[in-house]
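K.L.:
Sharing the features that TrEMBL gives for it:
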DOMAIN    5-334  domain 'FAD/NAD(P)-binding'
DISULFID  C42-C47  disulfide bond
BINDING   K51, G114, T151, G152, S153, D319  FAD binding site
BINDING   G188, G189, G190, V191, I192, G193, M194, E195, E211, G279  NAD(+) binding site
DOMAIN    354-463  domain 'Pyridine nucleotide-disulphide oxidoreductase dimerisation'
ACT_SITE  H452  active site, proton acceptor
Amino acid sequence: MAKEYDVVILGGGTGGYVAAIRASQLGLKTAVVEKGKLGGTCLHAGCIPSKALLRSAEVYAQTKNGEAFGVIADGVRLDFAKVQARKAAIVEQLHKGVQHLMKKGKIDVYAGTGRLLGPSIFSPLPGTVSVEMNDGSENEMLVPKFVVIATGSRPRTLPGLEPDGEFVMTSDEALQMVTLPSSILIVGGGVIGMEWASMLNDFGVDVTVLEYADRILPTEDEDVSKEMEKLLRRRGVNIVTGARVLAETLEKGNGVTIQAEHQGERKTFAADKMLVSVGRQANIEGIGLENTDIVIEKGYIQTNEFGQTKEAHIYAIGDVIGGLQLAHVAAHEGIVAIEHLAGHNPAPIDYTMVPRCIYTRPEAAAVGLTEQEAKAKGYDVKVGKFPFKAIGKALVFGEAEGFVKLIADRNTDDLLGVHMVGPHVTDLISEAGLARVLDAAPWEIAHAIHPHPTLSEAMAEAALAVDGKAIHF
Ligand code: FAD
Ligand code: NAD
């Protein structure tokens, strides 16, 4: 028998489960359909497991290099099975947490694959959602007033460089590695590529990054790309930018070899394994979009600023709509969509206020426009930059590389963008995000007294530097 709901959410990843919680808070009868595990990519194949591995890599590298702190640890060894077990335990703890939150919110969870059947005489818009149950039991039929599509994304592959279970991996397979390779070729120097380059280098793996663009992290501020490239090269990561990988030259056997065009020459690269990290593609297949009027553009579901698709009763959020494919974005899009369908008046997301974080060592983080974007938009910019080497706490930490860079409009003093490379900047960036939301000018950021000694002083100093008033540099 069909079951009626106010909202049915397809996909229980970060976007989907957060949307479900907000719907339940608003008193809506809510169901989530999840074919894999609640928590989705972020919890099981993304943010959390990758950061757990990164942390182990950081501890390993730090322990080996403790001498500078006067800490001599002889015979430091890596137990990679334990590294993986720690990762799995963190994921499982959070997975239980999400399951608990669904119960607490009285949200029905269907373990199966959801599909839109379209409207019929028995089921008005948006129509029935059928669920093919994972346990093989009879399909469930759900009749909702609204549907939220939150089916997420999966790794994009390159023809000829598909994962093969042995030599070529995407992040999905890399996260499950049982042993570490002694060397790796990483195709794509974006966020995943550079996080893995940093992590594997810390684990002692010989890393080469082949990036097509003329710089790594090509969507970030040029100064961030430059600094990160310099620091990772110094640690021994081989970074090749402007490299056109020739997939058809891939050879496997005793590891992998592949050719790439670089500076007008064909060069051969070899390693034990290859990681392909060239972006992600939306999960739009097999969910019944052909039974709707939903518009797809460049592989992503099109929505208005509230997540509403061309069909007013169907919303879409998270990675499946493209844009910034980040967990916190998916979650906020979920909240906006639910509040909108519930008849509230949510503010649409201003994507220039979304923090972007990269968990390399050192970390990078940004919010708002890059200097290049600001100039291209016609702003007369003023820039304040302050290095961590002039921050006492960074020296105490033994991590004094990098900087904080603020970009402001010379005419209005508006804060346009903040870019950071350095210790714990993924935590420091929230202040910049708040400043953007509150429309704080750089002088107002500096007016807020920053405690000493903290890493946050770099933000205050960079804000002062915008007007040439930095104290310590
Ligand atoms: P997903 O999390 O992909 O969830 C979609 C869910 O829908 C999945 O559980 C899937 O099983 C389910 N589903 C799909 N189709 C159906 C169907 N027909 N029926 C039922 N269920 C279905 N972002 C950050 O902000 N910070 C990070 O540090 C970070 N690190 C990352 C590291 C890696 C290696 C990767 C790959 C991604 C990382 N991301 C990070 C990105 C982040 O994981 C995604 O932006 C986020 O998971 C998107 O959430 P979502 O809900 O849109 O989709
Ligand atoms: P990405 O878009 O960040 O980077 C892909 C990189 O691959 C780009 O630099 C691109 O120029 C390069 N590239 C594309 N085709 C290539 C080719 N043929 N040869 C060589 N290089 C090529 O994608 P990603 O790193 O795969 O990450 C996917 C998504 O996951 C991103 O949207 C990201 O936001 C999200 N993610 C976020 C975090 C985080 O927030 N810390 C971490 C990991 C992943």
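FYI, residue positions are counted from 1 along the chain as it appears here.
Quick reminder: no glycine exception, Cβ is built from N, Cα and C everywhere.
Note that TrEMBL annotation is computational and uncurated.
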K.L.:
Would you please pick out, from the binding-site residues T151, S153, the one with the fewest other Cβ atoms within 10 Å of its Cβ?
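P.N.:
Counting other Cβ atoms within 10 Å of each of the binding-site residues T151, S153, the minimum falls on S153.
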K.L.:
Tell me the Cα distance separating C42 (disulfide bond) from D319 (FAD binding site), rounded to the nearest angstrom.
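P.N.:
It is 11 Å, counting Cα to Cα.
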K.L.:
Using a 10 Å radius around its CB, how many other CB atoms surround G190 (NAD(+) binding site)?
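P.N.:
So the Cβ neighbour count for G190 (NAD(+) binding site) comes to 21.
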K.L.:
What are the non-local neighbours of C47 (disulfide bond), defined as same-chain residues 6+ apart in sequence with CB under 8 A from its CB?
P.N.:
A327
K.L.:
Which numbers of helix, strand and coil residues does DSSP report for the domain 'Pyridine nucleotide-disulphide oxidoreductase dimerisation' (354-463)?
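P.N.:
Grouping H, G, I as helix and E, B as strand yields 41 helix, 31 strand, 38 coil.
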K.L.:
Just how spread out is the FAD site if you go by the largest Cα to Cα distance in Å among K51, G114, T151, G152, S153, D319?
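P.N.:
So the binding residues stretch over 30 Å, Cα to Cα.
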K.L.:
Taking only the residues in the domain 'Pyridine nucleotide-disulphide oxidoreductase dimerisation' (354-463), give me the average pLDDT of this model.
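P.N.:
Summarising the domain 'Pyridine nucleotide-disulphide oxidoreductase dimerisation' (354-463) by its mean pLDDT gives 98.
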K.L.:
Are there any residues in the same chain, six or more apart in sequence, whose C-beta is under 8 angstroms from the C-beta of G114 (FAD binding site), and if so which?
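P.N.:
Once residues fewer than 6 apart are set aside, G114 (FAD binding site) is near V8, L10, G11, V33, K35, V129, S130, V131, L142, I287.
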K.L.:
Any idea what DSSP makes of G152 (FAD binding site), helix, strand or coil?
P.N.:
coil
K.L.:
Which of these recorded positions (G114, G152, D319, H452) have a C-beta closer than 6 Å to some atom of ligand 1?
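P.N.:
Checking each Cβ against ligand 1, the ones under 6 Å are G114, G152, D319.
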K.L.:
So of G152, G188, which of the binding-site residues has the fewest other Cβ atoms within 10 Å around its own Cβ?
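P.N.:
With the binding-site residues G152, G188, fewest surrounding Cβ atoms within 10 Å: G188.
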K.L.:
Across all chains shown, how many C-beta atoms besides its own are within 10 angstroms of the C-beta of E211 (NAD(+) binding site)?
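P.N.:
E211 (NAD(+) binding site): 26 neighbouring Cβ atoms within 10 Å.
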K.L.:
Starting from the Cβ centroid of G188, G189, G190, V191, I192, G193, M194, E195, E211, G279, which together make up the recorded NAD(+) site, report each further residue of the same chain whose Cβ lies within 8 Å of that point, ordered by sequence.
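P.N.:
Sorted by sequence, the hits are I186, W196, V209, I216, L217, S277, V278.
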